[in-house]
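Record features (Swiss-Prot):
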ACT_SITE  D154  active site
ACT_SITE  D192  active site, proton donor
ACT_SITE  D339  active site, nucleophile
COMPBIAS  13-24  compositional bias 'Basic residues'
COMPBIAS  60-72  compositional bias 'Low complexity'
DISULFID  C155-C199  disulfide bond
REGION    1-26  region 'Disordered'
REGION    47-72  region 'Disordered'
Amino acid sequence: MENPRTTPTPTPLRRRRSERRARGGRVLTALTGVTLLAGLAIAPAATGASPSPAPPASPAPSADSGTADAGTTALPSMELYRAEAGVHAWLDANPGDHRAPLIAERIGSQPQAVWFAGAYNPGTITQQVAEVTSAAAAAGQLPVVVPYMIPFRDCGNHSGGGAPSFAAYAEWSGLFAAGLGSEPVVVVLEPDAIPLIDCLDNQQRAERLAALAGLAEAVTDANPEARVYYDVGHSAWHAPAAIAPTLVEAGILEHGAGIATNISNYRTTTDETAYASAVIAELGGGLGAVVDTSRNGNGPLGSEWCDPPGRLVGNNPTVNPGVPGVDAFLWIKLPGELDGCDGPVGSFSPAKAYELAGG
């Protein structure tokens, strides 16, 4: 990617946002195994700011519990769903590897998001999504799912692909939403689709924004318990005042619970929570944010976005982050899965996982 990063007021709309947040929310977890089932993970691109101090990563519990402060989160206080992923397959196959205990403790124990990417799959997507959401519901946990099928995805770079047309994407969107069930679920909407929109011409841009609004509407219509978060890039990319109008065009005020920042990137939690607050202020308030803390434990390495060395996992996933306006810290990118420079994008690297775990 050449752009920064990897892998959305009138009074009636303001009121509707408040009503949507008041319904309560859910935490997220991740099925890494479904990342394999669904396809690849996104590759971030980053520019900019030099690293700033990051808060220390929290201890590594296997479950999240507790009661969120009233009025501070759109998500319910639930355990995050931990699905099988590439890291678990590697751990199962390599129990004697000297790296395995640390990787298991710091990465394998944590809930991570489940991506639905790879090849266009209208015939199977409903079942794939339902397998995740039904397993999470049976466990009484909150899944985090990531639809990643927008046409012209990643501007044709490391994670290029997506649906063959916007008409095909509209069909896929309805089929994706049909698998969400009726229990709480976090949907992180199409990473990079808004931050990388400048690579499109005017017609493609309009079609993309309509498609994002259509997917968000399909999700919330199919499952009123779903919470949709729109990707906004990160703090060293688009200015809050610049990205906010695009989010509005994509339907965030009608269908969104909030925004997602730092997906597949390395920006510090401090920088990202401040950025999220500024974006939400530009949108008129009343929305929340989720921050991807999967690889930001010691911030970025300058402007390097693609498999930079020496990075660490950040704050553990939780729906009780203790930061006003932030609904959750999530591991949206799966630690140990590559950005595309040290190996195929989305492939699991035990060497990278061990490094991220502090080895």
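Every residue gets a Cβ built from N, Cα and C, even glycine.
Structure with Swiss-Prot features highlighted.
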residue : record                    : DSSP (3 states)
D154    : active site               : helix
D192    : active site, proton donor : coil
C199    : disulfide bond            : helix
D339    : active site, nucleophile  : coil
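Separating the Cα atoms of C199 (disulfide bond) and D192 (active site, proton donor) is a whole-number distance of 11 Å. Taking only the Cα positions, the spacing between C155 (disulfide bond) and D339 (active site, nucleophile) is 15 angstrom. Between the CA atoms of the residue listed as 'active site, nucleophile' and the residue listed as 'active site' there is a gap of 12 Å, rounded to the nearest whole number. When the alpha carbons of the residue listed as 'active site' and D192 (active site, proton donor) are compared, the span between them is 7 angstrom. Counting every protein chain shown, 28 other Cβ atoms lie within 10 Å of the Cβ of D192 (active site, proton donor).
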